[in-house]
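Quick look at what Swiss-Prot lists:
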- L127, G131, H132, L133: (6S)-5,6,7,8-tetrahydrofolate binding site (BINDING)
- H235: site 'Plays an important role in substrate specificity' (SITE)
- K236: N6-(pyridoxal phosphate)lysine (MOD_RES)
Amino acid sequence: MTSASTEPFFNRSLADTDPEIFGAIGKELGRQRHEIELIASENIVSRAVLEAQGSIMTNKYAEGYPGKRYYGGCQYVDIAEELAIERAKKLFGVNFANVQPNSGSQMNQAVFLALLQPGDTFMGLDLNSGGHLTHGSPVNMSGKWFNVVSYGVREGDNLLDMEAVQRKAEETKPKLIIAGGTAYSRIWDWKRFREIADSVGAYLMVDMAHIAGLVAGGQHPSPFPHCHVATTTTHKSLRGPRGGMILTNDEDLAKKFNSAVFPGLQGGPLMHVIAAKAVALGEALQPEFQDYAAQIVKNAKALSETLISGGVDVVSGGTDNHLMLVDLRKKNATGKRAEAALGRAYVTCNKNGIPFDPEKPFVTSGVRLGTPAGTTRGFKEAEFREIGNLIIEVLDGLKVANSDEGNAAVEAAVREKVIKLTDRFPMYGYMG
């Protein structure tokens with residue numbers, strides 16, 4: 001094979017090599033540019049993060065950890081991983097960080113592998129109260145391999161029932177208690193959770209995947225020094241690539257987590273993603289990230305207040321973080337219908353169960369809304385109040401139509417307003 005024969009492989013563009021995938025990416029770029037992203041677990045990464053993740057680091061196998069690899073030629077990917085580790089430690093004020101987990105589920109599985117045996121008891125927030133699949137859902141590995149004791153929110157105010165957490169912990173003596181969730185809009189009392197964990201001899205694990213950016217930005221109390229271990233994804237409010245991290249101050253636990261990630265669960269880490277994690281963590285260490293985190297919360301409060309003023313119920317009466325659960329029953333809508341109608345109006349969100357939801361999981365009585373992606377675009381309170389009013393327009397139109405097809409006229413009118421709004425806040429201009 002000559003250099004002439006390999007030249008196309010190394011230099012042919014995606015558009016020329018695979019026009020179908022190129023076309024799909026182009027359409028997705030258009031969707032992201034023109035639609036308002038309100039999915040609470042999504043965000044928009046910087047060009048620098050994209051460049052790192054799309055780099056030649058993807059070519060390198062690097063089983064093991066920096067300085068202790070099972071492959072040669074790792075001296076430069078070691079630099080990337082060491083930077084990611086040091087930046088994570090600095091950002092969250094901890095002594096140990098593992099940046100290799102490929103996802104949020106795998107980071108949580110690694111903690112289970114390190115601290116639990118099959119059949120052990122652990123406690124986690126019930127999925128219907130805002131927990132995550134990996135916190136003990138019966139359809140998830142966590143619910144199949146372990147004895148799960150779920151806690152939840154109180155009926156009425158929809159706030160965490162800490163007395164019930166204490167009582168269940170005393171009754172069941174769990175080995176691990178998980179605090180944190182995916183759809184709880186209030187401040188977590190880490191200190192109280194640690195007191196409960198200590199009272200029954202349990203480890204306290206905090207899954208701060210959703211709020212890590214707020215913790216880093218000073219908008220939510222840090223789980224340290226209260227927790228034994230914290231896990232977080234690197235996307236969501238941290239605004240990095242999709243992946244996970246495990247953080248702790250305990251050296252013995254850190255060794256267990258490292259062994260659980262590799263070789264316990266994973267083989268070669270995704271070095272291009274780890275490089276991108278390092279970039280995102282570096283961005284989060286800049287002073288402007290504090291402003292970004294503060295704006296996320298301001299925007300969430302503005303959106304929540306606008307919806308409530310428009311006759312829409314928000315679970316627990318508001319939000320202290322980046323997200324809110326909207327109870328649609330007063331609008332005679334389901335989450336499934338509302339998600340579809342808002343999507344047709346170029347407002348993207350996800351249907352979501354609400355506490356004590358009478359509807360099926362694929363229907364739901366609510367939608368979950370979040371502000372991180374819109375805040376990244378530059379939206380402030382005024383824009384989120386406008387967005388709140390647009391959501392109300394769609395929901396009111398849906399109520400009048402009372403059908404899965406929605407209200408085409410209202411949705412078309414809102415769609416035009418959304419395009420005008422998003423055109424004022426362009427993204428990725430260099431992509432053409």
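Keep in mind that glycine also has a Cβ here, set from the backbone N, Cα and C atoms.
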By the 10 Å Cβ-neighbour count, the most surrounded of the binding-site residues L127, L133 is L127
I'd like the Cβ neighbour count for H235 (site 'Plays an important role in substrate specificity'), meaning other Cβ atoms within 10 Å of its Cβ, all protein chains included. 25
So for K236 (N6-(pyridoxal phosphate)lysine), how many other CB atoms are inside 10 Å of its CB? 28
Looking at Cβ-Cβ distances, which residues of the chain lie under 8 angstroms from H132 ((6S)-5,6,7,8-tetrahydrofolate binding site) while being 6 or more apart from it? G104, N108, G124, L125, G180, G181, T182, D207, A209
Whole-number Å only: compute the distance from the Cα of L127 ((6S)-5,6,7,8-tetrahydrofolate binding site) to the Cα of the residue listed as 'N6-(pyridoxal phosphate)lysine'. 19
Hey, for the (6S)-5,6,7,8-tetrahydrofolate site built from L127, G131, H132, L133, who else sits with CB inside 8 A of the CB center? G124, L125, D126, T134, H135, G136, S137, N140, G181, T182
In three-state DSSP terms, H132 ((6S)-5,6,7,8-tetrahydrofolate binding site) is classed as coil
Taking the Cα atoms as reference points, how far is H235 (site 'Plays an important role in substrate specificity') from G131 ((6S)-5,6,7,8-tetrahydrofolate binding site) in Å? 18
Cβ-Cβ distance under 8 Å to G131 ((6S)-5,6,7,8-tetrahydrofolate binding site), same chain, at least six residues away: G124, L125, S137, S150, G181, T182
Separation of alpha carbons, L133 ((6S)-5,6,7,8-tetrahydrofolate binding site) and the residue listed as 'N6-(pyridoxal phosphate)lysine' (Å): 17
